[in-house]
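Novice: To start, I am sharing the structure in question, which I have written as structure tokens.
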Amino acid sequence: MDYYELLGVSRTASADEIKSAYRKLALKLHPDRNKEEGAAEKFAQVSEAYSVLSDTEKRAHYDRFGSAPGAGMPGGDXFGGMGGMGGVGFDPMDIFEQLFGGAAGMGGRGRRGPARGDDLETEVRITLEQARAGEEVEVTVDRLTECEHCHGTRTEPGGKPPVTCSTCNGSGAVRGQARTIFGVVETQQVCPTCKGDGKMVVDPCTVCHGRGRTLKSEPVKVKLPKGIDEGYRIRVAGQGNEGPGGNGDLYVHIEMEPHPELHRQDENLIFPARIGFATAALGGRIQVPTLDGPQEVEVKPGTQHGELHRLRGQGMPRLQGAGTGDLIVDYEIVVPKHLNAEAKDALQAYARAVGDEVPEEHEGLFGKIGKLFGRD
């Protein structure tokens, strides 16, 4: 079994690439979401692959010897744990919760008492129109929520209640001693048996496997502040993972959908307006797209290339401060590459009228070659 092949990454993949690959596969194969035959075993396999490849020392050992450290060692169960995976006491759910958060993962280890659920992060792409109006958008979030079967008790309904952990006597922590330069000091660590809970489940819930929570995809409403821009993030309180000590928060990262015609520059919007030479010289009217719809704008006679015209109050609301930005029309004078005979005559007449030098008719390549050799 090739760990790199399991995760679908190359042997030179970075830590971020390995993490991203595992994240996608774990969400797809998680037992709470995928009931297909073999999904649980595949979930365990990709979890073990990630547990090895995400650890620098374990990955180096695997790259050198083709196996994880300790695999197949005497006294070890080469096929122990969930899904027939190697490693003594290996639990793929622990690997999952360390990445996605959970009381048995990042949120609970090292804490005493009820643990708060972990914070979650996601992203949403919005339009300029949505950012300007401060609309409410919806995102779908994968959250750990209370198991509906056991209601978070972790015990199968009707089963035997949890018992006090014999290792820590229900305290959730174990004491020890450590030798330091200041002498021997007393230490306290999370109980390795009950993982800080103080109790051991006797009859685990058949749905959540004794964890008290299951993974669910849920819609979350997010109110956009007016004028929000790319790179900002919004905190939605209580929409992270659920935990016995309260819910974590959800952080939504903002990405902007490119507008087909307008460019944003802080609170201002820029419209590159391409106009012809005649319109620039004589003036005229053009249609300018705004977030409220097309607006007719007058082009003054003698408009120069790069000249700016400001439509006040037609930009974005200032995110921090009062007022609204402007929509700036940036004129770009387009010089035609090809002219018909009538247009050429008109421009030559104009040039003579204003005293501009009129260039001679452009000769083709064969005409120049003919002159070079004395041909008419």
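Backbone N, Cα and C atoms are what each Cβ position is placed from, and that goes for glycine too.
Quick paste from Swiss-Prot:
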DOMAIN    2-66  domain 'J'
ZN_FING   134-217  zinc finger
REPEAT    147-154  repeat 'CXXCXGXG motif'
BINDING   CYS147, CYS150, CYS205, CYS208  Zn(2+) 1 binding site
REPEAT    165-172  repeat 'CXXCXGXG motif'
BINDING   CYS165, CYS168, CYS191, CYS194  Zn(2+) 2 binding site
REPEAT    191-198  repeat 'CXXCXGXG motif'
REPEAT    205-212  repeat 'CXXCXGXG motif'
Novice: Taking the Cβ of each of the binding-site residues and counting other Cβ atoms inside 10 Å, which one has the highest number: CYS191, CYS205?
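Specialist: By the 10 Å Cβ neighbour count, CYS205 comes out on top.
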Novice: Do you know the DSSP helix, strand and coil residue counts for the repeat 'CXXCXGXG motif' (191-198)?
Specialist: 0 helix, 0 strand, 8 coil
Novice: Can you see whether the repeat 'CXXCXGXG motif' (147-154) and the repeat 'CXXCXGXG motif' (205-212) are touching - at least 3 CB pairs under 8 angstroms, only pairs 6 or more apart in sequence?
Specialist: yes
Novice: Which residues, sitting 6 or more apart from CYS194 (Zn(2+) 2 binding site) on the same chain, put a CB under 8 Å from its CB?
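Specialist: Result: CYS165, THR167, CYS168, GLY172, MET200.
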Novice: Expressed to the nearest Å, what is the distance separating CYS191 (Zn(2+) 2 binding site) and CYS208 (Zn(2+) 1 binding site) at their Cα atoms?
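Specialist: Distance between the two Cα atoms comes out at 22 Å.
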Novice: Could you give the number of helix, strand and coil residues in the domain 'J' (2-66) as assigned by DSSP?
Specialist: 45 helix, 0 strand, 20 coil
Novice: For CYS150 (Zn(2+) 1 binding site), just count the other CB atoms lying within 10 A of its CB, please.
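Specialist: Around CYS150 (Zn(2+) 1 binding site), other Cβ atoms within 10 Å: 24.
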Novice: As a quick check of your reading of DSSP, tell me how many residues in the repeat 'CXXCXGXG motif' (165-172) are helical, how many are strand and how many are coil.
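Specialist: Secondary-structure composition of the repeat 'CXXCXGXG motif' (165-172): 0 helix, 0 strand, 8 coil.
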Novice: Looking only at DSSP and grouping its letters into three states, which state does CYS205 (Zn(2+) 1 binding site) belong to?
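Specialist: SS state of CYS205 (Zn(2+) 1 binding site) = coil.
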Novice: Just jot down the residues in the same chain as CYS208 (Zn(2+) 1 binding site), at least 6 apart in sequence, with C-beta under 8 A of its C-beta; none if empty.
Specialist: ASP32, CYS147, HIS149, CYS150, ARG154, THR214
Novice: What are the DSSP helix, strand and coil residue counts for the repeat 'CXXCXGXG motif' (147-154)?
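Specialist: Once the DSSP states are binned, the repeat 'CXXCXGXG motif' (147-154) shows 0 helix, 0 strand, 8 coil.
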Novice: When a 10 Å sphere is centred on the Cβ of CYS168 (Zn(2+) 2 binding site), how many other Cβ atoms does it contain?
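Specialist: Within a 10 Å radius of the Cβ of CYS168 (Zn(2+) 2 binding site) lie 21 other Cβ atoms.
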